[in-house]
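Copied over from TrEMBL:
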type     : residues : note
ACT_SITE : GLU97    : active site, proton donor
ACT_SITE : ASP232   : active site
ACT_SITE : GLU327   : active site, proton donor
ACT_SITE : GLU346   : active site
BINDING  : THR432   : Ca(2+) binding site
Amino acid sequence: MRRDKAKEMFDHGYQHYMKYAFPLDELNPISCDGRTKDLQNPDNWNINDVLGNFSLTLVDSLDSHAILNDRPAFEEAVRLTIQHVNFNLDSRVQVFEVTIRMLGGLLSGHLLASEEEFGFKLPWYKGELLDLARDLGDRLLPAFDTGTRMPLPRVNLRTGVLPWETNSTCAAGAGTLLLEFGVLSRLTGDPKFEALKVVWAHRSDLNLVGNTMDVQTGKWISTMAGIGAGIDSFYEYQLKSYILFGDHTFATDFAEAYQAILKHVRDVDGHIYKQVDMNNGGLMATWIDSLAAFFPGLQVLAGDLPSAIRHHQVYWTVWRRYGGMPERFDFKSKGIAIAGYPLRPEFVESTYMLYQATKNPFYLEVGERILEDLERTARVDCGFATIGSVETGKHEDRMESFFLSETLKYLYLLFDQDNFINKLDSNFVFTTEGHFLPLPRRFLTKPKPPSASKSTSPPIDTCQNFQQQHFPSIWPAETGPLLSKEEVRAIDRLVAFENLEEVDG
């Protein structure tokens with residue numbers, strides 16, 4: 001059974017992490033040992049931005065145990081987190097990565113352990129994960145002391161911002177904090193954790209945001225606009241903040257942003273989402289990246305199924321060609337620009353979202369192929385290894401925490417339609433790290449600063465009529481579930497994958 005296979009793969013990775021790597025941050029699945037910060041090379045940002053010597057994989061995977069219906073493993077992971085994790089560390093980390101992986105993991109674990117409705121409430125639990133989350137939030141706050149209130153990219157968890165810290169950050173790094181910090185604010189009742197919607201205020205006249213900016217001045221350093229690396233989750237959190245918190249300004253902002261993407265970033269055929277200049281829409285690069293494969297799933301949430309189906313097909317064709325998702329594919333040369341695949345979840349996430357929206361078995365077949373390819377190409381004796389090149393199949397000795405917190409979680413949910421997540425009808429979201437974040441209604445009202453009025457906000461609506469309210473005429477109300485064979489063939493040609501024995505769909 002495909003669901004059980006996804007669970008077995010998760011257990012293979014997680015149990016070997018616990019056996020060979022814990023309490024370190026990540027598993028090295030080839031050498032069968034653990035890794036944490038690279039103290040010999042402080043400028044190794046690929047490692048040091050993410051790993052902080054705080055048992056990253058344990059915390060990032062907390063809610064995965066519950067979603068994979070393993071209550072004993074969830075309870076044990078909560079206990080181990082309480083016993084072993086602390087943040088009084090001389091550790092310089094990236095604010096974005098620590099927020100989405102650690103803060104999000106703690107908040108999701110807390111809500112599952114403390115709320116009755118999800119079926120995983122622990123009778124002995126006293127809110128210790130929320131205490132850890134608050135401590136972490138306090139240690140990240142110094143990064144926000146800038147001229148724009150957008151955070152500096154890195155902070156030392158013990159000493160704060162270092163004097164020589166760079167002012168340059170990406171739009172995603174500055175704009176992907178709203179969910180975690182907003183939930184922390186509501187759960188603690190402390191308004192200081194409310195992240196601000198500052199990035200959108202610096203958009204261009206085309207309603208596009210660039211890739212990199214100076215957080216002290218708000219000036220753009222890179223004006224390249226798109227939906228992939230450096231920008232991706234900025235758009236994701238615009239829409240998901242509306243869904244979770246019910247603030248209609250987020251919906252209005254996303255509606256403007258999304259229409260600008262369709263007009264200036266998407267190509268005329270509706271297949272490729274380009275890298276363009278935020279000020280004039282001119283083409284700046286001819287590649288698409290694997291991080292942007294999340295966008296069809298976001299289009300599902302926005303109600304734009306035709307665009308989501310078409311966009312997903314491009315990435316599915318890339319996957320079929322290589323048996324994995326290269327970091328970058330160049331649509332001009334029709335070849336790989338960056339060949340590595342660190343077992344990212346974004347394409348799996350969109351496949352799951354499209355199946356939830358359409359119930360078309362085609363997406364189950366896509367998920368089955370992904371599952372088989374991951375088992376075939378990435379499994380090693382002690383876990384699952386990063387694919388250094390989807391062309392050669394060469395392994396790298398790293399299993400990133402998101403493989404357990406997202407990739408296998410979305411695959412399990414795709415094949416487990418009776419899962420409690422798939423039956424919920426409330427304002428929950430998955431964060432950009434795949435953490436389950438619900439917000440019980442009693443927490444919806446934003447905490448007021450001490451000087452503010454004590455009056456409560458009016459009831460907050462949830463996201464039920466988003467398409468009707470904001471996109472009444474962009475796409476037809478009725479659409480077929482999949483593409484025509486002619487359009488599938490056009491996408492095959494776009495990716496140089498034309499010699500298929502049969503055309504999917």
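Glycine is no exception: its Cβ is also placed from the backbone N, Cα and C atoms.
Less than 8 angstroms from the CB of GLU346 (active site) sit SER290, LEU291, ALA292, ALA293, PHE294, GLY297, MET325, each of them six or more residues away in the same chain. In this structure, the C-alpha atom of GLU327 (active site, proton donor) lies 14 angstrom from that of ASP232 (active site). Highest Cβ count within 10 Å among the active-site residues ASP232, GLU327: ASP232.
Around the Cβ of THR432 (Ca(2+) binding site), the same chain contributes ILE100, THR176, ASP232, SER233, GLU236, TYR237, PHE294, each under 8 angstroms and 6 or more positions distant in sequence.
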